[in-house]
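Participant: Just passing along the structure, written as structure tokens.
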Amino acid sequence: METQTSWLSLWRWGLMIFGMLMICSARENLWVTVYYGVPVWRDAKTTLFCASDAKAYSTEKHNVWATHACVPTDPNPQEMSLPNVTENFNMWKNDMVDQMQEDIISVWDESLKPCVKITPLCVTLNCSDVNSNNSTDSNSSASNNSPEIMKNCSFNVTTEIRNKRKQEYALFYRQDVVPINSDNKSYILINCNTSVIKQACPKVSFQPIPIHYCAPAGFAILKCNNKTFNGTGPCKNVSTVQCTHGIKPVVSTQLLLNGSVAEGDIIIRSENISDNAKNIIVQLNDTVEIVCTRPNNNTRKGIHMGPGQVLYATGEIIGDIRKAYCNISRKDWNNTLRRVAKKLREHFNKTIDFTSPSGGDIEITTHSFNCGGEFFYCNTSTLFNSSWDENNIKDTNSTNDNTTITIPCKIKQIVRMWQRTGQAIYAPPIAGNITCKSNITGLLLTRDGGNRNGSENGTETFRPTGGNMKDNWRSELYKYKVVELEPLGVAPTKAKRRVVEREKRAVGIGAVFLGFLGTAGSTMGAASITLTVQVRQLLSGIVQQQSNLLKAIXAQQHLLKLTVWGIKQLQARVLAVERYLKDQQLLGIWGCSGKLICTTNVPWNASWSNKSYEDIWENMTWIQWEREINNYTGIIYSLIEEAQNQQETNEKDLLALDKWTNLWNWFNISNWLWYIKIFIMIIGGLIGLRIIFAVLAIVNRVRQGYSPLSFQTLIPNPTEADRPGGIEEGGGEQGRTRSIRLVNGFLALAWDDLRSLCLFSYHRLRDFVLIAARTVGTLGLRGWEILKYLVNLVWYWGQELKNSAISLLNTTAIAVAEGTDRIIEIAQRAFRAILHIPRRIRQGLERALL
């Protein structure tokens, strides 16, 4: 009975252990799976290329904004919305802005390279006031007959023959010359002492053409579509585009011209609006038209300054000498300022004052821009001269004045280059009348700081500013950012790659540090370990070679006649090839070429991510998942690479044994010929050895003084000296007295040797099999005894553990019961004592009364 109970207990324990093992084994293992083409990206800096509709504009050789090196624009640009995506943007740290700045500077420099330097014109100019040839009436409020507008200057220049000089004359604007003495008759060009002056080419046009910046293959441009986006921070309405919208690179100050407008309300953008040192970019939600005119009809003349050098200057003016000017609708402008002030009050909650710049270069203190090839500098003090408090900011009637604001402008022909100091250009005069219409789409403002800005009186003063052209580009690129696509992703799945299983061999870590040619002197086996390293370094060499090629092209672009856009096209194409090669290289190393989903035999490590399988695939995006495992991506890649290397090694070893997998191939005629050849070689070897041994035996016997008569000589078998050769009646050991017969003939000799060899091999093989069988039997018996011992040991300790547990439980129960009884008894005594308190009081009172 006790034995039966023990077996039942053992059966229960066995079922319990088996169930636990089943539960543990029920948990499926996860394996690393490679995905190609996942929607993952990261912030990046890359070379953008341009797209433009070049056919709609002049393609003349010296057009500054010539875009014939750009790709044509896509007639149907695609924009893909990214739902459930939140991306951070920062317009103040955007590489696209820096890149556009460099591109526009390069375009300006490249367009002015072949043009004439007018440094020889830095001579004394004898100037007098200019009067017009005839007079016409003018109703413009900007009319001015002041002789201070232009000067008629004469000067000596070198002719085509270097040793001869002649006197020429030209008309210069007053702002372009400075007097060198007090008689106001001798002048010099304004920038001769500080700058290298270069004349813009006669055919150069400064009319900006819309440029679309595009990302190369492997990169994308993210676009923020929030209507109230201020340029920094997270954006929840994100889409992806291949190219930006058409951006006109308008070089202007104070007022942003011909840009894009806000779709909703006016937007105020600043890197830190509480810091008065930071400029404020105002994007309007409605345009204000500005019409600028140079009314006088100029003519242009050419002055030969030497061989191949011609200076183009103003010859004469037909009509009144009138100043240039710009007209703006007062109603539209005041309404715009009112809405801008209202928006600024949301940030400062004070009276908003607009006033003119406090000082600086003429490019900053005026609204400078290019109109029809002439550089205008307009005084905007009339525009920025208003104050908006809480009362008049709500009064829309105050902005209903339908008159026109006319702001006076000056024209300069010697213009300081905006991209760098110490350089200037001479803009040749444009013949005829000039009129251009533009749309004001934004403002560049700065806020006064210190105690003089009236902030202590509840007033904030804002002034127009400019000069940093990056702010102009930011006003258009604020909603874009460049990202690099990361198409390779890894994630855990339940699928495992079926591989050739084989024990892994440890590879020395020093192998990965070998150079591309470091294994040239090693064996083929040792060099095969570093094949992956060699592929990587080969790709790096290709990339480096292409990079050097681009540097050489960039350095010699003036010889190759390449524009900055042509260089960018080359860079974009090379970059796309590099990206593709890099991804395909990794897929090839991992054994995943041509696959979008590639399973591996690398187990997923829970330390990389402790999230469950369902949580990963059902609740996370690829972007979130990549951020989760970003720190372990390199480790995972290396494990996949090692697993693939081991797999290829196993496949090579398997292919080496593949011919043994089909026994029928053993009977192939080619194999039979091989078998016959081997048999003949073995027989020939045995015969040769037999002949050698026979010759050696003969030589040995000859040295002993005798020689056998023939191979048929019977040699008596030696017997012991103390035993007779025979026994009576024919008995005894007759077999031991017989002679050994030598074989007769060549075939008999070969057969005897082969038979002896086979018998020897058979006996040895039989002995080995018997020994192996005896050993296996002994080991099996010992193993069975050890297994039974372990089972009995486990059963014994199980019983002991069970008895100990029962004893511990009984002891605990008894202790708890005794403790409980005592607690109950104490509680009862306390309760009775409380109940007896009134009785004791009554008894005490009775005794006191008695």
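Positions of Cβ are set from backbone N, Cα and C atoms, glycine also.
Note that the structure is predicted; figures quoted are calculated from it, not measured.
Annotation source Swiss-Prot lists disulfide bond at Cys50-Cys70, Cys115-Cys201, Cys122-Cys192, Cys127-Cys153, Cys214-Cys243, Cys224-Cys235, Cys292-Cys326, Cys371-Cys436, Cys378-Cys409, Cys592-Cys598. Feature annotation from Swiss-Prot assigns N-linked glycosylation site to Asn139, Asn152, Asn237, Asn272, Asn285, Asn297, Asn385, Asn397, Asn433, Asn605, Asn610, Asn631 (among others). Positions annotated as region 'V3' by Swiss-Prot: 292-325. Feature annotation from Swiss-Prot assigns region 'V4' to 378-409; the stated evidence is sequence analysis. The region 'V5' annotation in Swiss-Prot covers 453-465, 454-465. Under the heading region 'Fusion peptide', Swiss-Prot lists 506-526. Residues or ranges marked as region 'MPER' by Swiss-Prot on the basis of sequence analysis: 656-677. Taken from Swiss-Prot, the feature transmembrane segment applies to 679-699.
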Participant: Rank aside, I only need the closest one: which of the recorded positions Asn272, Cys371, Cys436 has its C-alpha nearest to that of Cys127 (disulfide bond)?
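Facilitator: Smallest Cα separation from Cys127 (disulfide bond) among Asn272, Cys371, Cys436: Cys371.
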Participant: Determine the minimum-neighbour residue: among Cys122, Cys371, Cys592, listed as disulfide-bonded residues, which Cβ has the fewest other Cβ atoms within 10 angstroms?
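Facilitator: Lowest Cβ count within 10 Å among the disulfide-bonded residues (Cys122, Cys371, Cys592) is Cys122.
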Participant: Of the recorded positions Asn237, Cys243, Cys326, Asn385, which sits closest to Cys592 (disulfide bond) by Cα distance?
Facilitator: Cys243
Participant: What three-state secondary structure does DSSP assign to Asn631 (N-linked glycosylation site)?
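Facilitator: Helix, per DSSP.
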Participant: Rounded to an integer, what is the Cα-Cα distance in Å between Cys192 (disulfide bond) and Cys326 (disulfide bond)?
Facilitator: 30
Participant: Pop the Cα-Cα gap between Cys378 (disulfide bond) and Asn285 (N-linked glycosylation site) into the table, whole Å please.
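Facilitator: Given the Cα positions, Asn285 (N-linked glycosylation site) is 24 Å from Cys378 (disulfide bond).
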Participant: Where does Cys192 (disulfide bond) sit in DSSP terms: helix, strand, or coil?
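Facilitator: It is coil.
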Participant: Return the residues near Asn605 (N-linked glycosylation site), defined as same-chain residues 6+ apart in sequence whose C-beta is under 8 angstroms from its C-beta, sorted by sequence, else 'none'.
Facilitator: none
Participant: Taking only the Cα atoms, work out how far Cys70 (disulfide bond) lies from Cys214 (disulfide bond), in Å, as a whole number.
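Facilitator: Here the two Cα atoms lie 10 Å apart.
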Participant: Could you tell me which of these glycosylation sites, Asn152, Asn237, Asn433, Asn610, has the greatest number of Cβ atoms within 10 Å of its own Cβ?
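Facilitator: Of Asn152, Asn237, Asn433, Asn610, the one with the most crowded Cβ is Asn152.
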Participant: Measuring CB to CB from Cys436 (disulfide bond), give everything in the same chain under 8 Å that is also at least six residues away in sequence.
Facilitator: Val291, Cys292, Cys371, Gly372
Participant: Using C-alpha atoms, which one of the recorded positions Cys153, Cys598, Asn631 comes nearest to Asn385 (N-linked glycosylation site)?
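Facilitator: Going through Cys153, Cys598, Asn631 one by one, the Cα closest to that of Asn385 (N-linked glycosylation site) is Cys153.
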Participant: Taking DSSP as the reference, which of helix, strand or coil describes Cys70 (disulfide bond)?
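Facilitator: Going by the DSSP assignment, Cys70 (disulfide bond) belongs to neither helix nor strand, so it counts as coil.
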Participant: How big is the Cα-to-Cα gap, in Å, between Cys224 (disulfide bond) and Asn631 (N-linked glycosylation site)?
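Facilitator: Spelling it out, the Cα of Cys224 (disulfide bond) and the Cα of Asn631 (N-linked glycosylation site) are 28 Å apart.
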